[in-house]
Amino acid sequence: NMASPAGCEHYVRSCSLKAPCCGKLYVCRLCHDAEENHQMDRFKVVEVQCSECQTVQQAQQNCQECDAQFGEYYCDICHLFDKDKKQYHCQPCGICRIGPREKYFHCEKCNLCLAQDLRGNHKCVENVSRQNCPVCMEDIHTSRIGAHVLPCGHLLHKTCFDDMVRTGAYRCPLCMHSAWEMEDHWDQIDKEISQSPMPTEYQGATVKIICNDCQAHCTAPFHVLGMKCSDCGSYNTAQDGGLIQQPQQQQQEQQQPEQDPEENEAETATEPELQDQPQLPTPD
């Protein structure tokens with residue numbers, strides 16, 4: 001895995017890192033981790049090998065022998081060599097981020113860098129980036145894949161969020177809160193329900209629900225297309241128990257007036273006549 005002037009599939013650089021764990025040369029930690037049964041600690045890298053003159057030397061931006069530049073960008077903390085992508089090292093995050101720096105800020109509670117338009121405009125979840133992506137279960141904090149912040153404050157890889165959108169999954173995998181603005185979709189469900197009445201025996205039936213968006217507990221009309229939260233209007237709800245109002249047909253039966261006792265006696269008196277019918281032969 002000798003480096004070329006072009007580097008590897010992950011980074012553009014003109015050197016190889018000498019892995020502090022096994023002493024082998026790899027273009028980057030990701031190339032190392034893909035080949036070995038252990039991971040390279042980038043922060044412990046001490047030496048690199050120049051791709052031009054093969055000189056092994058202390059990690060630095062330019063070769064001490066041939067003055068070749070190992071990377072347009074170099075961080076002496078992360079030992080990151082790459083082409084210039086407006087990177088910057090975030091001290092609280094402990095790693096380099098792709099900038100430019102002025103477009104991002106570090107949220108102390110979430111403990112990660114976010115776009116400036118999210119300053120004061122997102123729900124903080126303490127140390128949220130230290131959790132793995134709930135879709136692919138891979139690391140988010142040090143991932144080279146961008147993170148997407150959901151309205152509930154949880155994070156997904158941007159690529160995982162895009163996959164959710166394509167498949168129609170609209171709930172946060174962690175808390176079930178709606179993952180984006182759903183008002184137009186709820187309006188569409190309203191129209192579909194108005195055009196698709198339930199069968200007669202279920203008209204008027206209701207059910208207890210819990211709203212995943214506002215956490216309200218309420219009672220809603222039962223419909224197979226969805227049960228609407230009466231507090232926030234969301235259809236992102238979960239049924240909490242069975243039907244609490246019996247179907248209309250059973251209600252009508254219960255509401256029928258009780259029969260007069262004399263009528264019951266009359267019915268009883270005729271019962272023998274009903275039983276006095278030809279019988280099937282008794283098995284011998």
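Note: Cβ is positioned from N, Cα and C throughout, glycine not excepted.
Quantities reported herein were computed from a predicted structural model and do not represent experimental measurements.
Per TrEMBL, these features apply:
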type	residues	note
DOMAIN	1-68	domain 'CHY-type'
DOMAIN	70-132	domain 'CTCHY-type'
DOMAIN	133-175	domain 'RING-type'
REGION	240-284	region 'Disordered'
COMPBIAS	259-274	compositional bias 'Acidic residues'
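In the domain 'CHY-type' (1-68), the DSSP tally of helix, strand and coil residues is 10 helix, 16 strand, 42 coil.
Counted with DSSP, the domain 'RING-type' (133-175) comes out as 10 helix, 7 strand, 26 coil.
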